[in-house]
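Visitor: Okay, handing you the structure first.
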Amino acid sequence: MDDLLTTAEKIRSMEIRGAGRIAVAASAALRNYALTLGSLDIEEFNIKIEEAAKVLVNTRPTAVSLPNAVMLTKKHTSLTVPEAIDEIVASSDRFIKNATEALGKIGRIGAERIRDGDVILTHCNSHAALSIIKTAFDQGKRISVIATESRPRRQGFITIKELSDHGIPTTLIVDSAVRLTMKEVDLVVVGADSISVNGALINKIGTSQLALAAQEARKNVIVAAETYKFSPRTLLGEMVEIEDRSADEVIDPKLLKEMPNVKVKNPGFDVTPAEYIDLIITEVGAFPPAMAFAIIRDYLGIELDHH
Ligand SMILES: O=P(O)(O)OC[C@H]1O[C@H](OP(=O)(O)O)[C@H](O)[C@@H]1O
């Protein structure tokens, strides 16, 4: 359990971050934990796996990739522990392999939408979005990128480093420069933490203002999202929870203490309605957001637990 708790803490503190990465880390942690439970009987085993699954899922509430990964990993039909372990190990290995391959596929499918000379605006740090951008560049398209800082955690710094290392000309802007800069942009490419059944995108705070400015300037918005980032529970009318993070990420707590009438709100994500999104690039193809239901049905299943 110690290793699993360590992984859970790394996800909570964002040492491991990005909707895809946290899903892969959680699946691997659950797999390795299952391997330590060989001496239990099947009832005890199932209880322990459920407990561990909860610990992982409760680390961060917004990215549905996390519960989806845990659900796909822990599901087993075995009546003996050795068989259950084998099933969990196989499911986890499959999930991690698919997740890794999905990034390459999204890159290739998404790059078809990028033209020579495009200026691409991106937000935060999405491995899926960057896969599209890097693939287009590797195909010889002379593109450049404008990357937002992405306060408060400044994941934009990870993005500009990655793009620079790849040789891609990149401009860093502060988040509030998005609307002014939109006239120079040809295309917006962002990642996803969750996509709901109605095609709405839940992604890093500030994404919806990129989408709004893009709509105003008649620029297209493309979302890069593996199929496991679609949210089955939104079929039941459940809302995606927006993570509220600590004020300490925004302001020095000592400074805040000197201002007793001030509070800080630090929502981690926002919701971009489907109307603002032109295309979602998944590893199984490019779809308009109206196809979200079909993706959930075909790739995640809709036999949901209604409790
Ligand atoms: O899975 P990939 O494409 O890497 O990232 C998807 C999304 O996950 C990140 O969340 P955070 O920085 O963990 O809060 C960003 O919101 C990013 O757009």
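A Cβ is built for glycine as well, from the same backbone N, Cα and C atoms used for every other residue.
On a predicted model such as this, the values are computed, not experimentally measured, just so you know.
Straight out of TrEMBL:
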type     : residues                                  : note
ACT_SITE : C124                                      : active site, proton acceptor
ACT_SITE : D193                                      : active site, proton donor
BINDING  : R17, G18, A19, G20, R60, N203, K204, K229 : substrate binding site
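Can you tell me where each of these features sits in this structure?
Guide: In sequence order, T148, S150, Q155, G156, T159, V190, G191, N203, K204, G206, T207 are the residues near C124 (active site, proton acceptor), counting only same-chain partners six or more apart with C-beta under 8 A.
Under the three-state DSSP scheme, D193 (active site, proton donor) falls in the coil class. Its Cβ placed at the centre, D193 (active site, proton donor) has 29 other Cβ atoms within 10 Å.
For K204 (substrate binding site), the number of other Cβ atoms no farther than 10 Å from its own Cβ, over all displayed protein chains, is 26.
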Visitor: G20 (substrate binding site) to D193 (active site, proton donor): how many Å between their Cα atoms?
Guide: 8
Visitor: Rounded to the nearest angstrom, how far is the Cα of D193 (active site, proton donor) from the Cα of G18 (substrate binding site)?
Guide: 8
Visitor: Counting other Cβ atoms within 10 Å of each residue's Cβ, which of the binding-site residues G18, G20 comes out lowest?
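Guide: Lowest Cβ count within 10 Å among the binding-site residues (G18, G20) is G18.
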Visitor: Which recorded positions from the list R17, G20, R60, C124, K204 come close to ligand 1, meaning a Cβ under 6 Å from one of its atoms?
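Guide: Checked recorded positions vs ligand 1; flagged R17, G20, C124, K204.
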